[in-house]
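Quick look at what TrEMBL annotates:
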type     : residues : note
REGION   : 1-49     : region 'Disordered'
DOMAIN   : 130-278  : domain 'Mur ligase central'
REGION   : 279-324  : region 'Disordered'
COMPBIAS : 290-300  : compositional bias 'Basic and acidic residues'
ACT_SITE : ASP457   : active site
Amino acid sequence: MGESLPVDYERDAARPTQDALGSEQARGGIAGSESRADSAAGSITDSVTDPLAGSTVGLATKASSDTDGTATPKRPWRAFATPAIGKAVRGALRVTRHGGSALPGRVAEWFDPGFLARTLDSLPYGVILVSGTNGKTTTTRMIASMLQNLGLKVFTNPTGSNFTRGVVSALLSEVSMSGRLDADIAVLELDEAYAVHFVRQVKPRYSVLLNVMRDQLDRFGEIDNTARLLSRVAAATTGTVVLNREDRRIAALAGVVSKGTRVRYFGLSDDLRKLFPTDDAMHSTGQDAGDDHRTADEPRPVGQQDKASRSAGENLSANGSAVPESPVHADVILTHVDDHVAKFAMDNAEFTATVQLEGMYNLFNAAAALAVVRAVTEVIPTADTSLPHARDARLMRALSYVTPAFGRGEVIEVNGAPVELLLVKNPMGFRMSLASFPPDGHRTMIAINDEYADGRDMSWLWDVDFTSLREGGVDMISGVRAWDMALRLEYDQVRVTRTDTDLPEAVRCFVGSAPGVPKHIYCTYTAMLAVRAELAKVAEVSDAGVGR
């Protein structure tokens, strides 16, 4: 079983993330921050035209300059000792069975601040940075897996340790004693705030910016602040920026991209757009629990999109009105979703992929992954770019081999029955999970924690419609905020069989009940880590990563 990111790491990371936000906001907002990287590149504050709506969004922009001109840092004397020290700390942690997998990274950052940039700058094809509110881990896994299938050696942070220190720790486990990383390219998932820290040290050659949604508002503030954070990533990217054309805040980041950096888009066909509402659409149509004016006995609509793609997406569309056609051309368009089947339009041709991923939202993430991998293949000497359709057909085959990332539709066999782990961390993510994994024929458990990595403010649970769970009910609720979750379900008239704040005991009881019956466990991030650890005691739990 692979090593999972322990909860104490997330607590340890809380201070720098809040510093990143609080200090910049105190100086007049993230767009006005005077970081070393921004000063060197000529950072300015401007308004960028939104290509989808014609509105403007305040973003941190960069002057037209070559952001890739920074020379690779020279190797200081201490660089030769860094791998040995980091590996020694890592070994000591394993011997003592102590948590804190980020500790080696913390020590390395203190001893050798240039280790991260020096190691990653040596990669022939550079770094792909993936960020956004939802879908980072699965998209990163898809990109890494497809690039491996194309013959590249890939370094990635597979367990979702998406803070800078976690990346350093992952590097220490892979570099040789001489400090060499045996990889062609790095594919890194980074938290939206820590991505800003990262690009001050390492300029990504490619970036994939997925979406901006209301998530951990106690940490990030309004979603426009999150967009400003991602604008720094777009401005620092030197090769290709891949943007979600369906999210107006993300699409607007094309305006901050430096001269010479290409912009690619991924998107949805007109008839699918209603199945994937933006955060603004969800909050402007009165679908939030607090905005619903139906009587207690009248069910609210929920997007009950099952694995066979039943047409119920109208419940998620904006007022049921026609979805306007986007004026921005997308290089990869998701055109059809079905049971483990997706179709994509690329270069005026349609391609079909059979996928192992669960959840329709992961098929949209696949469009993002395809867009950036296509950009990478344009510079791989062995790639036959003269036959793009042959290349895209090969990418479809590579996509079919990708398995779910841990906790993201991951299936673990327990007592002869599948247990699906479904990460939920914001209203949109929970809604889409409920829509993609109907409860019929399944037992259901929900585990809600409020550690730093989960977000302290759990009021977002009231923005999720749980009426789809009424018929079967919820068999177990657990986690630190179990009683808050139970109260929320009571308001939606969902029957709860048992509530137990002792998460390990709750997991044992839940998976031990109803042998042979499939089960769903919806859980926040730290709850998911605890659930996996408990399931590993009674079942085979696979390594979380690829590209090790």
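Heads up, the Cβ atoms here are built off N, Cα and C, so glycines get one too.
The DSSP breakdown of the domain 'Mur ligase central' (130-278), given as helix, strand and coil counts, is 65 helix, 26 strand, 58 coil. Regional average pLDDT for the domain 'Mur ligase central' (130-278) in the model is 88.
Every protein chain considered, the tally of other Cβ atoms within 10 Å of the Cβ of ASP457 (active site) stands at 12. Reduced to three states, the DSSP call for the residue listed as 'active site' is coil.
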